[in-house]
């Protein structure tokens, strides 16, 4: 971004009253959300279109964003779900053969408010020290309306995020091979690359609304059920958890990712917790205990599984940075889940083998679990 184009002042106001001053890009106005940071050097378009970020203002720790523009192929959903966007610097003249627009053009088209040229390192350190907190981006005079805005920030809550981001009708996707495995993909805010990975495995896929019941699933008669990623506190999804308990009784193989991992744990008597600032980025090291190998993973979550009853499942993956649970293998049902994103997009593809594991589990049917 040219250092001569600081046209419009913008501000960040945190719930503790701290103000950061910068400049506006994208749309003008005021937006409130939970401020979180992500550490990826690339993949900003996938971040902006990941439904898991619904209700959040995303801070990019990497200092230059937008140098390869945006395009029509890297969308992880049909639109951007973030409440706001924070960067140190953005690129006005991207260079990439696939580029169709700048990051600024994209934000304007999506109706999103952004701020740049703030001290992103200082803001990241503050979140690391004090934890994720609510905040606002505004192009209005923050000092004039500070107390009024602080009241709104401190009362802000993300309400029913899964119900907002899920599709309202089922969708059908078929592979050319038209193999036997048919997956019911529960849309809690799924990323498009989960669908792509299932199709690459030769599966036929039906994307189902988050509110779908076991009767809806029975009518499909799928070979397996995928529980997708999504936004928000897993404990808030009481009806969905009840439905998942019915899915378990139905007996089909289940594979859960991110929010799906947390929801299945809750359905099986486990507990979850809110993390201090979560894991968001493309380089989280995770150990697969069954392989005794460490893989680099893409992650985006602010909650984690705290416990699972010993007679129900065992921890299969652990985070090498903080020891948190990154995967569960269940003992008496054909199911396994992971906290990270094996579909990546963006990020490393090291753990794509888990989709093959799910295919193998469906081939075995109800002949046991992992």
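Note that Cβ sites are derived from N, Cα and C of the backbone, with glycine treated the same way.
Keep in mind that what you see is a predicted model, and the values were worked out from it rather than measured.
Cross-referencing 15, 52 against the L-glutamine binding annotation in TrEMBL, which names 230, 232, 259, 262, 300, 302, 303, picks out 52. Proximity of residue 343 (active site) to non-local residues of its own chain (separation of 6 or more, Cβ distance below 8 Å) is seen for 191, 193, 194, 196, 197, 257, 352, 355, given in sequence order. For the domain 'Carbamoyl-phosphate synthase small subunit N-terminal' (8-138), DSSP puts the residue distribution at 27 helix, 48 strand, 56 coil. The residues near the L-glutamine site, meaning same-chain residues not in 52, 230, 232, 259, 262, 300, 302, 303 whose C-beta sits within 8 angstroms of the mean position of the site's C-beta atoms, are 189, 229, 231, 233, 234, 258, 301, in sequence order. Counting only residues at least six positions away in the same chain, the Cβ atoms of 34, 36, 132, 274, 275, 277, 278, 280 sit under 8 Å from the Cβ of residue 302 (L-glutamine binding site). Long-range C-beta contacts of residue 230 (L-glutamine binding site), restricted to its own chain and to partners at least six residues apart, with a cutoff below 8 Å, comprise 51, 52, 161, 162, 165, 166, 188, 189, 190, 210, 258, 259, 260. For residue 341 (active site), the same-chain residues lying six or more positions away in sequence with a CB closer than 8 A to its CB are 191, 229, 257, 258, 297, 298, 299, 300, 347.
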